[in-house]
């Protein structure tokens with residue numbers, strides 16, 4: 001590839017080097033270091049004048065340092081008269097902060113987009129942005145590549161009887177992503193909903209556990225069809241809107257039985273003033289907020305909401321369940337969803353599948369310890385240490401470097417990259 005330079009940052013050198021290897025070129029030389037006072041220093045060791053420059057820098061545990069390194073690299077290439085600068089960011093940092101959740105908050109993802117453009121980026125390439133609307137944050141072209149085809153290919157090759165499996169969204173905000181994968185695999189899908197407020201109202205008005213059982217039974221109308229008049233007289237048509245609704249209780253992130261006593265009722269019931277203050281937060285148990293375009297589940301659950309109602313809309317009995325999300329950050333919502341699928345809904349196996357394996361803190365270890373989860377599948381857009389990979393028996397990592405390499409090659413030669421968005425392009 002003539003007139004092309006690829007710089008690999010410190011965030012994920014393994015992925016960057018794999019991309020360069022597939023393209024048959026060496027990473028462009030540059031010196032990345034820190035001064036004694038913590039400032040980042042970047043020195044480019046080659047001319048970039050009139051060259052196509054690609055800077056590969058993903059999210060990482062040292063996220064703020066790596067963002068600064070990316071901005072300085074882009075700015076240095078702009079100062080070196082590069083013809084075009086493309087920031088390749090496999091896992092876009094701060095993507096969860098893509099909307100204002102509280103008054104006086106900041107839309108940090110938009111701010112980062114502005115910083116990239118101001119530094120000199122002409123083009124941005126990423127994969128599975130937390131919300132596709134984030135592409136509108138940029139005033140430059142953005143290519144949001146899909147990890148779904150690679151995940152679908154792995155499912156076809158490794159999930160037994162995948163034709164009978166069910167793709168599950170663990171919150172309402174992820175249904176669009178789930179239905180897209182289910183359509184490409186031609187299999188069924190289901191959705192999990194966790195209601196904090198319903199559980200709170202129930203306990204604040206009825207402290208008797210029997211009331212909870214009665215309410216749950218009223219929700220368990222499995223396969224009850226809706227009858228409507230047919231097209232001809234005396235003809236009725238059965239319309240089944242769903243294959244079943246299974247509801248259970250969650251306490252402190254784990255599914256509990258209906259007959260389990262309320263050990264800490266005082267922790268569940270708070271003063272009226274506290275109830276009023278939390279009612280103002282339009283939040284969702286497993287899915288951040290009730291905004292359907294978002295799917296955050298990593299907010300700390302207040303004491304009041306530690307007991308919740310979790311509901312599956314769909315049928316996974318005797319089937320493999322594939323819980324799909326864009327990233328795995330913290331384990332709580334995945335574990336509670338998997339436990340509900342296995343213990344109450346009869347799932348045969350549970351696969352946790354995501355594009356970005358962030359695994360904050362001991363997330364991977366907690367998922368590993370869960371008996372309800374059989375396999376964890378992620379791509380290598382985010383760096384995972386070799387020690388953690390070696391210590392996990394459930395983790396599977398899919399290499400997506402061919403997708404980024406092909407994207408760079410096609411972009412450099414002015415070819416269309418629409419094939420990378422095709423459901424068959426599981427490279």
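The backbone N, Cα and C atoms fix where each Cβ goes, and this holds for glycine too.
These figures come from a predicted structure and were not determined experimentally.
Look at Swiss-Prot and you will find 128, 130, 143 tagged as Mg(2+) binding site. The phosphoserine annotation in Swiss-Prot covers 199, 218, 271, 295.
Counting every protein chain shown, the number of other Cβ atoms lying within 10 Å of the Cβ of residue 130 (Mg(2+) binding site) is 24. The most crowded of the binding-site residues listed here (128, 143) is 128, judged by how many other CB atoms sit within 10 Å of its own CB.
The record gives 128, 130, 143 for Mg(2+). Within 8 Å of the mean position of their Cβ atoms, the other Cβ atoms in that chain belong to 92, 95, 126, 127, 129, 132, 134, 144, 145, 146, 326. According to DSSP, residue 143 (Mg(2+) binding site) is assigned to a strand segment.
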